[in-house]
Amino acid sequence: MDANKSRKLSLMLVLFIQVLAATLPGCFLGASQQLPIKKPEVQTMASHGHGFGSSLYFPVTGNVYPDGYFAVSFSIGNPQKPFPLDIDTGSDLAWVQCDAPCTGCTGCTVPPDQLYKPAQGSFVLCEDPLCPVIQSLGETTCKGPYEQCHFHRSYADGSSVRGVLVRDNFYLGIINGTPFQPSLTFGCASDIQHGRHGPPPTTGLLGLGKTAANIFSQLRVENVIGHCYSAKGGGFMFIRNDPVSSSKVSWVPMSQNTLAKHYASGPADLLFGGAPTSIKGLHVIFDSGTTFTYFNSAVYEAILNLLSKDLNGKQIRQVQDPDLPVCWNDGKPFRVLSDVKSYFKPFTLGFTRTRNAQLQLTLENYLIISEHGNACLGILDGTKERMGNINVIGDISMLDKLVIYDKEGKQIGWSSANCSRIPKS
Ligand SMILES: *[C@@H]1O[C@H](CO)[C@@H](O)[C@H](O)[C@H]1NC(C)=O
């Protein structure tokens, strides 16, 4: 794999970085601004009479390396067509690349036959209550109630997306023998600006953040979501209409401070090989839309120091690798992570000041074996990636764990799990 491709890996880290509205590139749908529209029908799971008391599970594809993302495929529209969406708990809006005319915009990144074609009646107008909610996190506004509702989102890798909101049926599976296909509002993205990591790898993004834009918030269920990504690739995600009650799950409260718009927690102290380190009081965001884990420069340097001190005197030495900035080898190519077991110790994030929960970072949660046979650090310098002081727990550190985002209970939980095995609904 070439260096460019590997740079793509950390693509969808999402932090709502706002840019001035004056820089609007002027991408608007050519279609009439006065389209007829379906009245919003709020469909809840309960109103379907499903007595939805358990969970809906969805298989997930992808891996940390080399693909760099995990995606779920939902069929949308009539006739149904599948759209692989990058799962992103770091942003709030679902969007798909869309076949809609636009002027002065860069357009889409997937072939035309993979685009979503909105039907005439599916456009959401400004009068819709979700429109201002979704617009409040972007840089578009409405001039009148019967205009199409435009949206905009920008992400921490410098990428951004624009388009209009549409409402269409999402096929979410069969409940009690009946297809469950609620009508949900999402973005029809016709202008996609690449960030530092190139074009998005999927036809769309499944923003699962905390706002009402989240398609599962629109279902008006209790809104417990979770994912389980396997280190071997694939896995599953789920939504639940009832809280998870398992004694095996470690829970930490969601931060209610400045990071509150994200799924954040802390403070946590870092342990290395079970021993305390000088790295304490970390606040972290759990973001399934980020491939690797990012710490701010000071923490990152301290982690490099711990590792190099510990590896000092061992057979292994640091080598150049086109895929990631810090890699090691001992003279012969590594094939699997167990080849480096004798060299590396696990890290632990100890949330001792809240509920004594520990997030174990085994070797697979912070190292990858590159295609060049090196062991590479899957922890990166977030300050260098212009993420400021924010620490992000990315996909790599959530592998082989069931990670639960309980918005209602204001807590984040995890337990170790076999993510290759999808539980029965
Ligand atoms: C995980 O589940 C899969 C599928 O059931 C099974 O093949 C595999 O052996 C399990 N792995 C572990 C470590 O239990």
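Keep in mind that glycine also has a Cβ here, set from the backbone N, Cα and C atoms.
According to TrEMBL, the protein carries these features:
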- ASP88: active site (ACT_SITE)
- ASP287: active site (ACT_SITE)
- 70-415: domain 'Peptidase A1' (DOMAIN)
- 1-21: signal peptide (SIGNAL)
Q: Sort ASP287 (active site) into helix, strand or coil using the DSSP assignment.
A: coil
Q: Note down the number of other Cβ atoms within 10 Å of the Cβ of ASP287 (active site), including every protein chain shown.
A: 28
Q: Pop the Cα-Cα gap between ASP287 (active site) and ASP88 (active site) into the table, whole Å please.
A: 7
Q) How many other Cβ atoms sit within 10 Å of the Cβ of ASP88 (active site)? A) 25
